[in-house]
């Protein structure tokens, strides 16, 4: 069975241009390394190594850095301990329907408003703190800076960096340098670690798009290595890394409330992203794989699959460009970047409702006393204003009486 699967999976019609066989691209030891699928087995242990390294980095480097930069976490009202509501929250739904709210209210002897308030506070307890967001952004920032710097250093002297026709000259018999091999392995390991941690990372509005992006990226890196599209693949990874570290740095200063620095970095990021993802990537990279490659070989199944993955990435670029342009609009017309358009899901609505909520249950007596004191002070101020207004009017009337007489 395994032999039949290998025979079907590695058919020459899938991976190689017409007229080329596997024996035609075999290389001798002195000719260099030819990419083989077994080279990628190191990506899985390296992905777990990245996760362990991230754990250490966030606690020893990112956490102290967040305190130095002044990152502050928001204090949220905790939900009181109600076992039935807690069980429903964990086992059924975080946002119960109206009929479920009525049923829970009968079971717990609480009003519908108190049920809604409890679930709102309970959801806010699970919201990621600014410190957690800062640590996650700082980890990605460090990797993207190192990856972009190393990738640019390894590619700037290669002929295909300046002339994209060199990506296909001699294909598929193209040796892979040791630097580009490790560039591939480390990038694939990092994205695999992000996919493994997607359930514990901060969930944002584009959560589904992020998962699709990670999966498409892994397929793209793995397939391009096995099919020896390494020269084009290194350009794709470099284009993506060029703007990613700017985004993560802007997010770091956003969580630290360094508004001017965040806004400046965001403007630079928006320009780099729009140029690299909407101009360079489709105009140079995808044009090279779709059009220029046909000057060197006839299309085959691998050609179509590789370009399909690139087009999926381009569709995600258009989606994110839309979000970025919305933020640019806010920056231009409102004067600042108010929120991250990809901020964690539902947090804005719940937190605003939490501020406006008037607690009624016994677990919120302290908050109610504070609100009561604030209301009393406002009423006293209003009463004083009314008294002053009456006295002023009385004086005006008295001053006019002699003239009337």
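Note that Cβ sites are derived from N, Cα and C of the backbone, with glycine treated the same way.
Taken verbatim from TrEMBL:
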DNA_BIND  74-130  DNA-binding region
COMPBIAS  344-367  compositional bias 'Acidic residues'
DOMAIN    72-129  domain 'Homeobox'
DOMAIN    132-333  domain 'TLC'
REGION    344-369  region 'Disordered'
TRANSMEM  40-57  transmembrane segment
TRANSMEM  141-161  transmembrane segment
TRANSMEM  181-200  transmembrane segment
TRANSMEM  261-281  transmembrane segment
TRANSMEM  301-325  transmembrane segment
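Within its own chain, the transmembrane segment (40-57) has Cβ neighbours under 8 Å at 138-139, 142, 185-186, 188-190, 192-193, 196-197, 222, 225-226, counting only residues six or more beyond its boundaries. Distant neighbours of the transmembrane segment (141-161): 57, 167, 177, 179-180, 183, 186-187, 190, 231, 234-235, 237-238, 241-242, 244-245, 248-249, 252; these residues of the same chain sit at least 6 beyond its ends, with a Cβ under 8 Å from one of its Cβ atoms.
Counting same-chain residues at least six beyond the ends of the transmembrane segment (301-325), those with a Cβ under 8 angstroms from any Cβ of the stretch are 13-17, 206, 209, 212-213, 216-217, 219-220, 223-224, 227, 229, 236, 270, 273-274, 277-278, 281-282, 285-286, 289-290, 293, 341-342. Mean predicted confidence for the domain 'TLC' (132-333): the pLDDT average there is 88.
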